[in-house]
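**Student:** Straight from Swiss-Prot, here's the annotation block:
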- 152-359: domain 'ATP-grasp' (DOMAIN)
- 180-235: ATP binding site (BINDING)
- 314, 326: Mg(2+) 1 binding site (BINDING)
- 326, 328: Mg(2+) 2 binding site (BINDING)
C-alpha cells in the first residue's frame with residue numbers, strides 16, 4: 001500500500017472532563033501503535049476549555065513524566081474546528097470559521113476521550129452530524145455506558161447479575177434510612193458519570209457518607225452509591241469485527257489488596273496511573289469454566305447496551321459467580337491498560353487491534369444503523 005492509499009485517521013484526545021490527562025496518555029500509546037504503512041494520522045487535542053487544536057502528534061508529549069500529567073493547551077498547535085456539515089465530511093478547518101482554510105481532511109475519527117464531553121455521546125453526536133465515521137460506540141451506547149445508573153438498568157433488564165445500588169440526584173443530599181439498611185456497609189460513593197476512579201470514596205461508617213457525597217459532587221451532581229461486593233476484580237475486552245461478529249478476550253485480573261499499606265485500598269486513580277502498585281494478571285488465574293462465563297457475560301453486556309466497536313467489561317468474581325460492575329465504551333489505552341493487554345494475550349497485537357477498530361468503523365459508516 002502506498003502513501004496515497006493510507007486511511008487518514010484523526011486521533012482526538014484530551015477534552016473537558018477530569019480524565020483529560022488519561023485521555024492524552026491513551027492517545028500517546030495509540031499514536032505509537034497505529035501502523036504508519038496503513039494509516040496517515042492527524043492528532044487533534046481538545047483543551048480543558050474545549051478548544052480543538054491540531055498538534056504535531058508527538059507521543060512523548062502525551063506521557064506521564066515524574067508524576068506530572070500531560071495537558072493540551074492552546075499553545076499545543078493550531079486551533080481548528082469540525083464543521084457539522086455532511087457536505088464537508090472529514091474536513092477540519094481553521095479558526096475563525098469565516099476563514100475556512102482546510103487544515104486537514106480525514107476518513108475516520110478515533111475519539112480517544114474518557115469521561116463526560118467525549119465518551120458520553122457528545123462527540124459521537126457531533127461526528128454523526130458532520131457525517132464522519134468514528135471508532136467505538138454510537139450516541140446511545142456511549143451515553144448509557146457513561147451513566148452508571150442506566151448501565152445497571154440495562155443490565156438488569158437483560159437479566160444480567162449486578163450489585164445493589166442507590167442514586168442520589170442533585171436535589172437529594174443523602175441516603176434514606178431504608179437505602180442505608182438495604183445497602184449495608186461498606187459502600188462505594190461515585191460520580192454517576194465518570195471514570196478512572198476520580199471522585200470515588202469507600203465509606204465504612206455512615207458518618208463518612210456526607211464527605212464522600214461532597215467529593216463525588218465535585219465531579220458530577222448525580223451520585224451513585226454501590227454496596228461493596230466481596231470478590232476478585234476481573235476484566236474482559238470485547239471487540240466487534242468488521243463483519244459485525246463480536247469476540248471476547250482473555251480474562252484479566254486486578255489485585256489491589258493492601259496497596260499503600262491499607263487493607264481497605266481499592267483501584268483508585270493513584271494506584272492506576274501514578275503509584276504502579278496494583279498487580280495485573282493476564283490471563284487471570286481462574287478456572288476455564290469461570291473464564292468462559294465471564295466472556296459470555298461480557299458479550300451479553302456489550303449487546304445489552306447496544307455497544308459497537310469495542311468495550312471493556314468489569315466484574316467482581318464472588319462465591320456465587322461473576323457479578324457485573326460496569327462497561328467502558330472507550331477503555332484506557334495507556335501502556336498499563338488492561339484492554340490492549342488482554343487482547344495481546346488473546347493473540348491480537350496492539351497494531352492489529354487498532355487496525356480492526358478502524359476497519360470496523362469504516363465498514364459501519366455513518367447514519368442510522
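Placement of Cβ uses the backbone N, Cα and C atoms for every residue, glycine included.
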**Student:** Can you tell me the CA-to-CA distance separating residue 201 (ATP binding site) and residue 314 (Mg(2+) 1 binding site), as a whole number of Å?
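**Tutor:** Computed Cα spacing between residue 201 (ATP binding site) and residue 314 (Mg(2+) 1 binding site) is 18 Å.
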**Student:** Based on Cα coordinates, which of the following binding-site residues are within 10 Å of residue 187 (ATP binding site): 314, 326, 328?
**Tutor:** none
**Student:** Tell me the Cα distance separating residue 314 (Mg(2+) 1 binding site) from residue 208 (ATP binding site), rounded to the nearest angstrom.
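**Tutor:** Pair distance, Cα basis, whole Å: 26 Å.
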**Student:** If you compare CA-to-CA distances from residue 328 (Mg(2+) 2 binding site) to each of the binding-site residues 180, 194, 222, 229, which comes out shortest?
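**Tutor:** Ranked by Cα distance from residue 328 (Mg(2+) 2 binding site), first place goes to 194.
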**Student:** By a 10 A CB contact count over all chains shown, which of the binding-site residues listed here is most packed: 208, 326?
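**Tutor:** Output for this query is 326.
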**Student:** Name, in the order they occur in the sequence, the residues of the same chain whose CB lies under 8 A from the CB of residue 180 (ATP binding site) and which sit 6 or more residues away.
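**Tutor:** Long-range Cβ contacts: 206.
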**Student:** How far is it from residue 222 (ATP binding site) to residue 326 (Mg(2+) 1 binding site), counting Cα to Cα, in Å?
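**Tutor:** The Cα atom of residue 222 (ATP binding site) is 17 Å away from the Cα atom of residue 326 (Mg(2+) 1 binding site).
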**Student:** Could you say whether, by DSSP, residue 215 (ATP binding site) belongs to a helix, a strand or a coil region?
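**Tutor:** DSSP call for residue 215 (ATP binding site): helix.
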**Student:** For the binding-site residues 194, 201, 215, 314, which Cβ has the most other Cβ atoms within 10 Å, all shown protein chains included?
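**Tutor:** Counting Cβ neighbours within 10 Å, the top one is 194.
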**Student:** How long is the line from the C-alpha of residue 326 (Mg(2+) 1 binding site) to the C-alpha of residue 194 (ATP binding site), rounded to the nearest angstrom?
**Tutor:** 11
